[in-house]
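Taken verbatim from TrEMBL:
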type	residues	note
COILED	999-1026	coiled coil
COMPBIAS	26-42	compositional bias 'Polar residues'
COMPBIAS	48-82	compositional bias 'Basic and acidic residues'
DOMAIN	146-264	domain 'Aminoacyl-tRNA synthetase class Ia'
DOMAIN	329-388	domain 'Leucyl-tRNA synthetase editing'
DOMAIN	434-701	domain 'Aminoacyl-tRNA synthetase class Ia'
DOMAIN	747-891	domain 'Methionyl/Valyl/Leucyl/Isoleucyl-tRNA synthetase anticodon-binding'
REGION	1-85	region 'Disordered'
Amino acid sequence: MTARSVDDNIDPVSAELPPVAEKTKTTLVVGSSKPTPTQDVGQHTLHGKAEGAQREKGAKSEKELERERKKAEKQAKFDQKKAKAKTPVLTLSATKEKKANAESKAEKKALPPYVEETSAGSKKIIKSFDDPYYKAYNPLAVESAWYAWWEKEGFFKPDFTADGKVKDEGSFVIVEPPPNVTGNLHMGHALGNALQDVMIRYNRMCGKTTLWLPGCDHASISTQSVVENMLWRRQKKTRHDLGRAKFTEVVWDWKTEYHQNINRLSGRTLIDVPGYDKKVEFGIIVHFRYEIQGTDETIEVATTRPETMLGDTGIAVHPDDKRYQHLIGKIAIHPFIPGRLMPIVADDYVEKDFGTGAVKITPAHDANDFALGSRHNLEFINILTDDGRLNENAGPYAGQKRFDVRYTIQDDLKKAGLYVDKKDNPMTVPLCEKSKDVIEPLLKPQWWMKMKDMAADALNAVKTGEIKILPETAEKSYIRWMENVNDWCLSRQLWWGHQAPVYFAQIDGEEHDEAGDHLWFSGRTQEEAEIKAKKALPGKSFTLKRDEDVLDTWFSAGLWPFATLGWPKNTHDFETLFPTSILETGWDILFFWIARMIMFSIKLTGKVPFTEVFCHSLIRDSEGRKMSKSLGNVIDPQDVIEGIALEDLHKKLLLGNLNPLEVEKATKYQKTAFPDGIPECGTDALRFALVSYTGASDVAFDIKVIHSYRKFCNKIFQATKYVLGNIGDDFVPRSSGKLTGKESLAERWILRKLTIAARDLNQAITDREFMKSTAIIYQYWYNHLCDVYIENSKAILQDGTPEEKRSARDTLYTALESGLTLIHPFMPFLTEELWQRLSRRPDDKTPSIMLARYPSYDANMDDPAAEVAYELVLDISRGIRSLLSEYSLKGEGKVFVQTYTPTAQETVTAQIQSIRSLSGKGIASMSILTATDSRPSGCVAFSISTDAAVFVHVKGRVDIDHEITKATIKLDKTKLAIEKQLKILNDESYKEKVSKEVQQAEESRLKDLEIQRKALEETITQFEALTDKL
């Protein structure tokens, strides 16, 4: 095989990027036209890169991928359990919320489709919460109109200083991994772009000059493959019938996706192959013999593709195989091709104990044989045409179909007395996903790029830390691959794509083989190539002919980070925003794309393209399987956002190129996975769910989990609605959220939770710990703001003094406004909708939450003592609720709270009303006992900690014998826990290995267990005493 070389110094090809397909455009930017090259996209853009079809050296092996698959399945189940555990019990009056949900569902059925009254690009007209579409969270209504306004106001454009420089806070730039121009978007796109938008919005709110640059990939193979298929099916025409220019025009009308699939066969199998009336036999191995020239001997070989023997040019044996040592150097005779002589060579590649120990060599039609043929200078003979027929090199078989010859050859070998046997043989058959045709290795001249020097520079950039790749496993894979990089085949035998900028000089009156190198000339234009040719061919008359091949799509994609900013021109964007900040993408294209961008950027600009790479995980279905169209588990993000009926999901399967068997299989899966279709979740819920999934393992997609985050959106919506309804229409917030010194314990507690959430969230986003970041914000909103502080504020707003009420309203405003700002990068639409309803602080002219300052840590709000004190209040309240629930005491509950330290006594005494408010309505009385008071009789106990315990009077209201049994079981479990804890703490190796802080925490747990044991023993004693009295 002749390898054409491409000089490292070749000028890059300048080519206009293709326009975005309409569906891509619509899904990219809801309610928006395509962004200009100098503005970033603020809303999630739901697209990315299809997984590469070929496995390059250094990529993961089959076994590694299988291990990862099993691990992903386990992780998927674990994530589902974890997600269920995270799903909160709504406490903004659970009964009211259930009622509101029921009302919402009933109203939604009766409501006509939502119509936005705001004119396109204008600031949204805010409707009252009494409006039927806004009584509960309605994604369609909430998300409407905002994007067009953001875009018209220019909020996405990078904000430079007056002199055109980036702001003092710095810049943050992401060039979006381009989706295929075909526009078929999937959940992998949604995941990647949700993460990118989180980072862009966060950095914009931190004051940086930001740019998120979108685009699309021309997708050479995927696009041309399906267009040719469709063209033939509908018009019985090939691309050659149309010509290159017309075919390129037609390509824009078609959209599809292309995969290569490997079918694994355990033995003889008949497969339908396009163009054949009968099924073709695979999964067999045919043994036959070649005669040795000048002797009576023969040598037996075997093949799974009998027709390829017509391209055999040699036979290999192992040099140490004594059976064949006497034949090394001799010649085998081809039985069907007159004059074809095949040398027998020795090579360590041959496994002497496998099969016959002799290997037929077909250099032009097998990758391994190509290497053998190269090492031993064998002849490379191509026997196939591009349409799968045998060519003139096949002798008497020329013109016949390749798989017809498969059978004819076997018959002819039998006639010649050279046929030996046919056996079942496990094997792989590469099939084209779309055409279902069998993929055939074929010898073609190709353009190659030398990679060694470029790879060394790109490797060094990562090893020195100039570029950081996360997670660490991805960086290790990158280094391993780059250390063993091969030269890169650039040619693709396609018409759709960037045509190779190389021209063959056809010298008048002479004939030359185009497979050679010396008459090829490169140039940005034909004129430039002609100048080079004239210099190399003085006095010659010639005609230049451009190579028909296009460049590998990854070549074009490799120019992406700098070409999109104006390179090779020295534009303002290129000068100020390059290198970019981060490249966020899937780990599966680490070698195909990321490595090539790094190599090209260093080579062509002298700079790295970005300083960080974050590789997100792959999205799998709820069963942990990789998503594929043939399984029917590929999800369109738009269907999750808008919802879709099961019947319509089935109909979408018929729009693609799946064959009937695949449609049947996919339909079956959809019925199982989405029996009721996919519910409307909205953009914000989808984004938040995907980001919350992003950790070390692959993402297990579960529509139930995503829909649970729609409920979280409703929680935020209802909380804001409550706060706005209680602070009053005439409320004017203070000029800042700083402490006044008049805050209650509950206020100081929530403000500490807020500032700690801000601190931890800033760090988590900076560290790319996205799962952790969503957990932080989820906990703040659900567990702290809604479940606790809003509940606590009700009593103060109703019964407090005017000063207490004002302080509570100020804190509600600060906690809510900061909470919306914290979650905005994750949920842009909902937060804008609610933030715009809040009154602004005096002199605050910020037009959009997009431009609001992201909350940061405030040491003045960090009050650990207040947190400890209020956590005691909360723990006591939980203990009371637990006992009332466990013993089914509804109403007239008689409660005692006993404290064991002066600090606890002070806290409980001061917060007795808060405790009652948080403990529910079933309390008739509540008394406070000191450490010296005796335990109240007739009560059950709940040990809070070493600081306090709770008692509830149950005498006469429960089955005493049953409660003694329950308490005894709890006591036994507590004793076992104490034994385990003592064993841990008394282990000398534990003391050496574990930090003092951890040891102190474990010792504290032991003390709590001891108190719990004592309380249970006392409970049992009291119950037994009650039994005696009865």
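Note: Cβ is positioned from N, Cα and C throughout, glycine not excepted.
Note: TrEMBL annotation is automatic and uncurated.
Applying DSSP to the domain 'Methionyl/Valyl/Leucyl/Isoleucyl-tRNA synthetase anticodon-binding' (747-891) sorts its residues as follows: 109 helix, 0 strand, 36 coil. With a threshold of 8 Å between CB atoms, the same-chain residues lying at least 6 positions outside the coiled coil (999-1026) that come near it are 935, 937-943, 945-946, 949, 955, 960, 963-964, 967-968, 970-971, 974-975, 977-978, 981-982, 984-985, 990-991. Mean pLDDT, taken over the domain 'Leucyl-tRNA synthetase editing' (329-388), works out to 93 on the 0 to 100 scale. For the domain 'Leucyl-tRNA synthetase editing' (329-388), DSSP puts the residue distribution at 9 helix, 14 strand, 37 coil.
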